[in-house]
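Annotated features in TrEMBL:
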COMPBIAS  862-880  compositional bias 'Basic and acidic residues'
COMPBIAS  946-959  compositional bias 'Polar residues'
DOMAIN    267-425  domain 'SSD'
DOMAIN    742-834  domain 'SSD'
REGION    851-959  region 'Disordered'
TRANSMEM  30-50  transmembrane segment
TRANSMEM  268-287  transmembrane segment
TRANSMEM  299-325  transmembrane segment
TRANSMEM  331-351  transmembrane segment
TRANSMEM  402-425  transmembrane segment
TRANSMEM  475-496  transmembrane segment
TRANSMEM  680-704  transmembrane segment
TRANSMEM  711-730  transmembrane segment
TRANSMEM  742-765  transmembrane segment
TRANSMEM  777-800  transmembrane segment
TRANSMEM  812-832  transmembrane segment
């Protein structure tokens, strides 16, 4: 058996199942409605009760199985979680630009007032009034004072300069040190943004003051940080900042998660808009001008509601399975609504194409027989595309893919059950000649079968009468292929300059104070040590009484100092308790001597001058050192170089002699290393996920289409669409990161949807390649266009969202739908018309093994013309009884029953198997079939069946 025969057999079998399912839905409409609705309500209740909401938003967008994430967890296991968080302020002159000088005596004094106001901010928390001194981190200061980094540390309650000259002189004085003995001029790059120096290297101007506050990571500290932001952003209380002539920019670590959550969690109004827009579009498409009997506006409204119910059920299943819910999953409904409405349109369009003279159950069953295999294939392709992304190490990608994959299956199940039952009810309404919306009886007795116009911008006429014939012209084909190659060239050129990686600011919504802060920081070219410059080298297993081990540790320390990314100031590069201890020991003329003496001296050092290094060492009960750490300060680097900085220091540690020792464990880490690593992981993981998704889709389409040539064409569309999508991402300013990775996986499913529907219709169509292409466009073009439009309408409101995450989603979805429709409705039809597979054997082709058809009554050629009287399969897709529909005037006479071609039963004429209908279909036919006087075809050996005027009959004969 060849591929085409396998395809026909499988498609035939699957069509039978949908036919039977539809009959069951018609007989048990109440059950098919109530059971899914009850499951949806239960799913919604379960979701609200069982969902696990992930609030650590920042970590969701970066790989969690990377080396940085794993080593961060290991370091925190040894040293504990970072127990402090940072809040930073930038003070710029209110008038002028980012180049305005703030180093004047007047502004210096006003900045001191603002600092005092900030530290005096109070917040009520659990009955206590808290200020910064109550929540500040004191563990990092030698004298136990609050850690606060500002230029005023070098005045320390001393008299402030009264003139500009005094200020400049004191800033550059080598004797001006803070309480820790650090000269002020060494810290200028960290305290004053965009500082300018004269020819002698003296600072003479700066664009902003930079304040850093360290607070404990407790609920009290978080409350103070939240109130800090509120006080600064509140117009009523911001006067103390603006009154002093400054613009104040603020960022806190807790506010990052808050802003990310707000950016994707506050768009409920957009969801309402999407529902309204989709309902309006569905109503406009299903309204039949001049024939309200054939209109299906109520059914369209029901379809949109059913998609919503399927989402409730899917989310309940995910909550029951323990899949964490993230705010980004809130984007899933926008996508699922588009996909679900797409399937609804396909089913309704197939129903519309059926002969209205069929009894209602038969008409719906024939519609599902035609479209069921197609929507099954596209559902499975979309499902496997997202299932492939469920293995991602990016939590946001994994969570979104799991929720969306399950929702896609849920939409499919609700479509072939609940919606199918409502379609049966609507078919009964039409057959009873009742109007849509109000169900009143129409005065026109023939309205249910009458002609009508569709208000979908003439899409059906466009595809059937215009686009199909146009694409059949050789000159048009010759123009289309180069045009799409030119489009592909644009995509390839974009790939070469595609940016990778996700900056934290891109997760905050537009207009957010976080985005404003980072924008100011970029313009000021500010070095920010607390976020990206302090690295920790954790050392385990080192023997500190061994001269050899100490020598190797000193060599490692020097290698870290010599790194190209080390801080330019030598004094700031390394913070090592070993060096500090040696200096203290030599100053006090102490010798290590025995091990006991070493640890005795070390205890004295840590308890006195070296108490600032107390958290650099972890000792056992016996006093020996189990773990230690040294700190490396790097130079400031732009976002795109962060990953290279991380790799540089990792290379230094990994290549050291100590790292080769099995008893020593070295880790260089930073709380943001897992953020830096995204650019190292995102490309490879995206390509791997896309490859798995594409291969899975390839298997599914091959299983359904069974034509290697057609599957290759469909797969080619996927490849070209994804190349274009990645390339035009760069042209539209979308970087490759965890947000766009989701959409690239989505595009694979969308690409198949638009291409597979048309390829499936092409496989089933008779005639030449051009004729089959035109018939496929006529059959599926409107459904594909409506599906694409519904998806675009579902995502269009996202363009108005202030969230950059929603913006990326909209841009990627827009390009996915646009490229998918262009390929599915133009490029693929042209390819199939040129190199498509041959048509499946049909009764209207001269097949030598096909028998002659004799009718039990005369059947004229005119009677078989599809324009006037459509042939209809009766009592099941597996039976090839062809009943000629007689005019309605003859209804009421008992339908003549006869043997059928195909199926399984006793032998008939000429050795061909002839069978009766299955019991379930016999019963359905007896109860639901309209009484019709028709002609039936019997099969005997001889010449092939001849059907004129383009009509075709599928014949399945079991020899």
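Note: Cβ is positioned from N, Cα and C throughout, glycine not excepted.
Curation does not apply to TrEMBL; its annotations are automatic.
What you are looking at is a predicted structure, and each value in this text was computed from that prediction instead of being measured.
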The mean pLDDT across the domain 'SSD' (742-834) is 86
Answer key: the stretch among 268-287, 299-325, 475-496, 742-765 with most Cβ pairs under 8 A to the transmembrane segment (711-730) is 475-496
Across 30-50, 299-325, 475-496, 680-704, 812-832, the most C-beta pairs under 8 Å with the transmembrane segment (742-765) come from 812-832
Are the transmembrane segment (812-832) and the transmembrane segment (299-325) close enough that 3 or more Cβ pairs fall under 8 Å, when only pairs 6 or more apart in sequence count?
-> no
In the same chain, residues at least 6 away from the ends of the transmembrane segment (475-496) whose Cβ sits under 8 Å of its Cβ atoms read 720, 723-731, 822-823, 826-827, 830, 833-834
Reduced to three DSSP states, the domain 'SSD' (742-834) has 86 helix, 0 strand, 7 coil
For the transmembrane segment (680-704), sequence-distant contacts whose Cβ falls under 8 Å of one of its Cβ atoms, 6 or more beyond its ends | 7, 10-11, 63, 66, 373, 376-377, 380-381, 384-389, 391-394, 397, 500-501, 643, 647, 711, 714-715, 718-719, 722, 736-738, 741, 744-745, 748-749, 752, 756, 759-760
Counting only residues 6+ away from its ends, which parts of the chain sit with a Cβ under 8 Å from the transmembrane segment (30-50)?
-> 24, 309-310, 312-320, 325, 413-414, 417-418, 420-422
